[in-house]
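Here the structure is laid out as structure tokens; the discussion comes afterwards.
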């Protein structure tokens, strides 16, 4: 049954003459009146290398859409660079920006009654923020990301942003070596080149089904990235017509992002050792979609999903461009499907089932298409380059080695345990998260005395100042969603632990969170957080912390009675919190619920 266009409220009828005059002043032609108005939700900014190249691409998408008879209108969201905001109070704003992005998209699309969306995202909070908005709005939507940065190279070794951060705090590394790494770590536009939060989310968007194959892995500089944008433009017109002309609701975000799709996405995340931030974001997106998806589901999946892909920061051997050469996200999904670990009946935004997509896009499938082979042959250009789609390098040979290559089959998994795990215990009754793919197996069981800090800044000073020694468990409290507020990423403390050559000799736990660039025994999202009365806020220096990843437990060696009787440790830090962040703190949930806003 035909659906009424949302935009008809401002384009149809005599009394809408004023609105039509304004649409005409925006460039709408008479023959576009009464056709779907498609919002191009861009996120261009010159503050973020993952978005610096998106300035003109929105207009390319607009031109492609308008060739097909619809009207397209572009607007922008904010975008914060977590790497630049890291290590100072700017990081307090990062996670809250996710909700502002979601709100701004909802505001613009609903205020102007757009009928469909193309979401051009890329970096850490932008993709989940736009996904949250897509679930709220539930209109035809296609996602296409700006693509990953190429890996840097120095002295024949691949490197990235995290190398620059670690080496700069290592006194044994010369100033010249640090300068060389700095100059080569981030050679192109795009989101940082490892399986950090941005790339993790763009990869998961393929598994959720709202993005096309290659979305998460084709480098930003490659000509095939531009083709993805062109394909997204054509697809959104097709899907808008399916919905409004034919009443086909299968193209709607909530029809695609079902519970099974979220389970598939989380299974992929565990299999590829993605960022722990994805746990927060998938929980939040599912909340907006009205899908029953919780920490217990993640725990369940983590116990049966092996690690099939290791990429920086979990190894320096591979970066995202290597995942693309091995067949991209579809290749990992294909291996998971062989083991019955995902549901391949789910539908995708391109109209195919996941099973059909695997058949056409898996590079080991006998039915793989030429288009798929071209996508996954997209190579790095290996030169400094800030222009989207400006190079055409192709691999001559793809990585189909599932025994020793970048992507493994189930028989040759990197580990039987997946890349993420949920731990529970008297420190974290509601759970906490660790990226096991980044933890050396020698410290999967770890016991040591606590060294407690009530801020990221104090922890950094303690680590660099020698207060933290081999065998310690660094505990950073009052950095959760409420306590920060804003749930800062602890990338600098974890990097400094490595700089001090303690990466296999210390652990870190916090009610804050971690960058996707973090590795090591780093346990975050402790819930309930200290600011909500959680037991992490009662730990004092010298308390013995016991971590057991195989058993999925984390405890302080105190009885329930001792913990109940112990008061919360006073907060000694001096931190200015502006009203905007106080407002966020007043309604944000705990990390185990995705740090979503709780509004009656």
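Using the three backbone atoms N, Cα and C, a Cβ is placed for every residue, glycine included.
Some features that Swiss-Prot has for this protein:
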BINDING   82, 124, 125, 489  Mg(2+) binding site
BINDING   123, 192  [2Fe-2S] cluster binding site
MOD_RES   125  N6-carboxylysine
ACT_SITE  515  active site, proton acceptor
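Here the features listed in Swiss-Prot are painted onto the structure.
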residue: 82; record: Mg(2+) binding site; DSSP class: helix
residue: 123; record: [2Fe-2S] cluster binding site; DSSP class: coil
residue: 192; record: [2Fe-2S] cluster binding site; DSSP class: coil
residue: 489; record: Mg(2+) binding site; DSSP class: strand
residue: 515; record: active site, proton acceptor; DSSP class: coil
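A C-beta separation below 8 Å, combined with a sequence spacing of at least six in one chain, links residue 515 (active site, proton acceptor) to 82, 83, 86, 196, 197, 275, 277, 489, 490, 491. On a Cα basis, residue 192 ([2Fe-2S] cluster binding site) lies 10 Å away from residue 124 (Mg(2+) binding site). Within 8 Å of the centroid of the Cβ atoms of 82, 124, 125, 489, where the record puts Mg(2+), the same chain has further Cβ atoms from 80, 85, 91, 94, 95, 123, 197, 198, 277, 515. Of the recorded residues, residue 192 ([2Fe-2S] cluster binding site) and residue 125 (Mg(2+) binding site) place their C-alpha atoms 14 Å from one another.
Sequence-distant neighbours of residue 123 ([2Fe-2S] cluster binding site): residues of the same chain at least 6 apart with a C-beta under 8 Å from its C-beta are 43, 48, 50, 51, 79, 80, 81, 82, 191, 197, 198. The most crowded of the binding-site residues listed here (82, 489) is 489, judged by how many other CB atoms sit within 10 Å of its own CB.
Other Cβ atoms within 10 Å of the Cβ of residue 125 (Mg(2+) binding site), summed over all protein chains shown, number 30.
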